[in-house]
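**Student:** According to TrEMBL, the feature signal peptide maps to 1-33. Among the features that TrEMBL reports, substrate binding site is placed at 141. Taken from TrEMBL, the feature disulfide bond covers 183-194, 265-268, 316-420. If you look up TrEMBL, you'll see 243, 351 marked as Mn(2+) binding site.
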């Protein structure tokens, strides 16, 4: 009885098996046709490619932390806490721009309190070809209502605002602002019985000065490791500032440079929209240029961020209040090879204006320069002007800040260095203490 039953099952299964085999053969033929008759990758090749991708992702996300360091963040007040809550809000204009296409760039605009400049930059961004494809993140150093309102008026792309909740501008009576009993200027701590360590030139900290470096470092850590919209993004992020005028071709040129970098300049760490010399307009050559990384319109990926993040101790301990000089003088040299950035022969962004970062509305000598008429555009600046078949000219030796420069100071207080280092840990350590 069992033998007859098994035979019946086998006889019924045979046609079914034939149908399955025919279906598999048809699927294989269809796949081959869709690939232009090409051969399917063998399982070993697929596995190897997947392993390479996993290894690359793991390398991009490897975090180097000092287990002996305990991060401490200032105790937040009501305004700081409310801004921190705003940081978790989703981007605006998502209904108008519901999807970001493959190959899009994320743009981070970091600002302080120069509303005249910000209006000009926002206007320039509104004229950029392709800007509707981008996510624009605006990072505020503190809270200034006029700056907030300008950003709220942006309607040409997805936009997200983040506010540095530990900005010195939010702490008028405590660190990282001016705390009671803090030393000032060239006070001698032992004589005045005040608190704080001077920089290498004998000057004590100035909150308005140190905010520059604090904001940049907080922003970088937040964008790469904290913000939901970008913390899983491994591609290039473009960084610009409130006094950078962005040309209409900037977005498309940046995309071209990002695509060409692995082929044309595999040793390049980043791409730039302008020469490292902020006054230069470019050479006008029929070639791309590889030179030291500039601070106008620069973009790099997560792999480079991991290398920077691994140097948090060097960045935070260097007695220099400017983030870019700190990078040039101590972080980049520690990589062991020249840190080249790829750019076009003409700039696609420009520094403008005469007002310094700290000459905003709250300054005792308010700066009234509005930046109008600062930038003149030619027709070639309005269209992509980089060609894929151009060679790359490498500028190997350039003047400027390099390894060995000891810094301009302003960053001698132990509390600033510890806060800076805490920013590097805050998204990777569960229990962060409140000072």
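Each residue, glycine too, has its Cβ placed from N, Cα and C.
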**Student:** Relative to the Cα of residue 243 (Mn(2+) binding site), which of the recorded positions 141, 183, 268, 420 has the closest Cα?
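**Tutor:** It is 141, whose Cα lies nearest.
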**Student:** Counting distance between Cα atoms, which of the recorded positions 141, 265, 420 is nearest residue 183 (disulfide bond)?
**Tutor:** 420
**Student:** Measure the Cβ-based neighbour count of residue 183 (disulfide bond), defined as the other Cβ atoms within 10 Å of its Cβ.
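**Tutor:** There are 19 of them.
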**Student:** For residue 265 (disulfide bond), what is the tally of other C-beta atoms lying within 10 angstroms of its C-beta?
**Tutor:** 20
**Student:** Just checking, which of 141, 194, 243, 268, 351 (recorded positions) has the fewest C-beta atoms within 10 Å of its C-beta?
**Tutor:** 194
**Student:** Within 10 Å of residue 194 (disulfide bond), Cα to Cα, which of the recorded positions 141, 265, 268, 316, 420 are there?
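**Tutor:** Correct set: empty; none qualify.
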**Student:** Which has the fewest other CB atoms in a 10 Å radius around its CB: 316, 420, the listed disulfide-bonded residues?
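**Tutor:** It is 316 that, of the disulfide-bonded residues 316, 420, has the fewest other Cβ atoms within 10 Å.
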**Student:** Of 141, 265, 268, 316, 420, which is closest to residue 351 (Mn(2+) binding site) if I measure between C-alpha atoms? They're all recorded positions.
**Tutor:** 141
**Student:** Can you figure out which of 141, 316, 420 (the recorded positions) comes closest in space to residue 268 (disulfide bond), comparing Cα atoms?
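**Tutor:** Given the candidates 141, 316, 420, the nearest one is 316.
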**Student:** Using Cα coordinates, what distance in whole Å links residue 265 (disulfide bond) and residue 420 (disulfide bond)?
**Tutor:** 33
